[in-house]
Amino acid sequence: MSLYMLVSTFAVAFIITVIGVPLFIPFLVKLKFGQSIRDEGPKMHEKKSGTPTMGAVIFITAMLISFLIFSFISGEVSAATWLLFITLALFGALGFLDDYIKVVQKRNLGLTSKQKFLGQVAISILFYLVYHFSDFAETLKIPFTNTEIDLGWFFIIFILFWLVGFSNAVNLTDGLDGLVSGLSVIAFSAFGVIAFYQEQMDVAIFCFAIVGGMLGFLLFNKNPAKIFMGDTGSLALGGSIAAVSILVHQEWLLLLIGIIFVIETASVILQVFYFKATGGKRIFRMTPIHHHFELGGWSEWRVVLTFWGIGLIGAIISVCVVIF
């Protein structure tokens, strides 16, 4: 019965997305909600200018509908259900505001860094408050052991770092057609299997709703992309995957399951630090690191497939660590 629920959750999110996206694309085109390409980006990306963005509105809607339907049908409505719901919805809303400013008000950078950060912090604090008053364990598991450390009030610092950090990490990674969509399918599949193995059906249902929605969206987001998810999607997915890792108490495995997100973010941090320390020298041709490979002659599709492969290896290892 539980496996049937997961398959059904996946299927409904997938079907709604596959039906909804083709209907949404002409609407976005009519409103001229097209992606602007930053001048400092790779020149080969200029052809993407005007591609409809904010496609995440469809797959987030599909995910939330499927998630809630099968959470109630299965009787698996819990505090975790509402934590995941508000995380996906609120990070998505923050991203939507950022996208709206970019495409409607024609401010290419969207929200300022300070505004976006304050929004992320506010959502993370709300997550902590719901988590805290739901009597979840505020502990951190030591990797490859069964030992957990009680963080006490320091747990809120960890929550802020984890949710804000990974929402930004996924946002940084979303620069190539299909890259984040495919990585999300891989990562949430891994966490879905882990949650199912740990008998956390509420979290597993959420994960497979996301897998269904993202796989449906990938059909239109793969190279050459007909639509982009925008910050609406990348912030929502990043915040959600961090939340899932906390709820299944496998936080550190996210560093392996989401290894590409970590590498992409690290490349930006290293580039900025080295640039400032050396007075203008660079480690990479351009960051995030996927652009480094593009400028080195790799096709966009080759970069995406390679990064998917690395993400898949990390996900398989992580699932094996938990199960075996």
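Placed from the backbone N, Cα and C atoms, the Cβ positions cover glycine too.
Listed in Swiss-Prot for this protein:
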- 9-29: transmembrane segment (TRANSMEM)
- 53-73: transmembrane segment (TRANSMEM)
- 77-97: transmembrane segment (TRANSMEM)
- 117-137: transmembrane segment (TRANSMEM)
- 149-169: transmembrane segment (TRANSMEM)
- 176-196: transmembrane segment (TRANSMEM)
- 201-221: transmembrane segment (TRANSMEM)
- 227-247: transmembrane segment (TRANSMEM)
- 253-273: transmembrane segment (TRANSMEM)
- 304-324: transmembrane segment (TRANSMEM)
**Report entry** Proximity of the transmembrane segment (304-324) to the transmembrane segment (9-29), 3+ C-beta pairs under 8 angstroms
**Finding:** no
Query raised in the report: For the transmembrane segment (149-169), which stretch among 9-29, 117-137, 176-196, 227-247, 253-273 has the most Cβ pairs under 8 A?
Result: 117-137
Report task. Might you confirm whether the transmembrane segment (253-273) is in contact with the transmembrane segment (77-97), defined here as three or more C-beta pairs under 8 A between residues 6 or more apart in sequence? Result -> no
Query - Beyond the flanks of the transmembrane segment (117-137) by 6 or more, those residues with Cβ under 8 Å of it - result: 79-80, 82-83, 86-87, 90-91, 94, 97, 111, 148, 155-156, 159-160, 163-164, 167-168, 235, 239, 243, 246-247, 249
Requested in this report: With the transmembrane segment (53-73) as the reference, find which of 9-29, 201-221, 253-273 contributes the most Cβ pairs under 8 Å.
Outcome: 9-29
